[in-house]
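Participant: Taken from Swiss-Prot, the feature shikimate binding site applies to SER14, LYS15, SER16, THR61, ASN86, ASP102, TYR215, supported by sequence analysis. What Swiss-Prot lists as active site, proton acceptor is LYS65, and the listing cites sequence analysis. Annotation source Swiss-Prot lists NADP(+) binding site at GLY126, ALA127, GLY128, GLY129, ALA130, ASN149, ARG150, THR151, PHE152, SER153, LYS154, MET213, GLY238, citing sequence analysis.
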Amino acid sequence: MDLYAVWGNPITQSKSPLIQNKLAAQTHQTMEYIAKLGNLDSFEQQLLAFFEGGAKGCNITSPFKERAYQLADEYSQRAKLAEACNTLKKLDDGKLYADNTDGIGLVTDLQRLNWLHPNQRILILGAGGATKGVLLPLLQAQQNIVLANRTFSKAKELAERFQPYGNIQAASMDSIPLQTYDVVINATSAGLSGGTAPVDAEILKLGSAFYDMQYAKGTDTPFIALCKSLGLTNVSDGFGMLVAQAAHSFHLWRGVMPDFVAVYEQLK
């Protein structure tokens, strides 16, 4: 049976095996998908041994996306620009192909919500690894992006890297342009730890819809809770993005595109 896995550390919290096995059942694909704990010191050796043992592909989650990318022989454009991958596929010639389906997963989920239309203004909060993976597909969907980060230089470096692909400008968190935004996307770790609000409430009130790339089982993420406390109710967490990026990884491996919305509805 074809073997796939998700690699991360920690990994017990991962929903990927549940999601991928639902996608396989829906599309009548015979495969096994498991969770694997990556060793912080010897991840590269583990991953190469996994593929040498006959595995067909895997997903990569924190903190290994950049390290896995370095092991690949060939890359999609979106993985190359992100310098990170969440998906590896073993090609027929034995080479490893790296892709990053995070951004197309986000775009697909925004389409599910009917929040994505050409030539919108999108405000992204945070310029870390999560953001790197989503910028190209958003720009390819003809979105105008303001990328805000506490450290302006980090936002500026990322915006400059992606400027050839569309309209993107950098801002610091306290110099965000005062204009309306069709979607505000939280890509900071505020969703994980609680912590302080990533941005001033007055900026949030300029938004029409609010998307958190994090998700929390059975409760609101801190960012979603903050939005609701301000009376901003057009909100979504990132669980749909998680299912959609999984569906795009599945499509790369199996050549079949599942109905991700059906699986999302089952699991949410």
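Glycine is no exception: its Cβ is also placed from the backbone N, Cα and C atoms.
So where do these features actually land, and what's packed around them?
Facilitator: In the three-state DSSP assignment, the secondary structure recorded for LYS15 (shikimate binding site) is coil. Around the Cβ of LYS15 (shikimate binding site), a 10 Å sphere holds 16 further Cβ atoms from the protein chains shown.
Taking a C-beta cut-off of under 8 Å and a sequence gap of six or more, LYS65 (active site, proton acceptor) has these contacts in its own chain: ALA84, CYS85, ASN86, ASN100, GLY129, GLY133.
In the three-state DSSP assignment, the secondary structure recorded for PHE152 (NADP(+) binding site) is helix.
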Participant: Measuring CA to CA, name the entry from the binding-site residues GLY128, ALA130, PHE152, GLY238 that ends up nearest THR61 (shikimate binding site).
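Facilitator: Answer for the nearest of the binding-site residues: ALA130.
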Participant: Give me the Cα-Cα distance between LYS15 (shikimate binding site) and ALA130 (NADP(+) binding site), rounded to a whole Å.
Facilitator: 18
Participant: Give me the count of other Cβ atoms within 10 A of the Cβ belonging to PHE152 (NADP(+) binding site).
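Facilitator: Around PHE152 (NADP(+) binding site), other Cβ atoms within 10 Å: 16.
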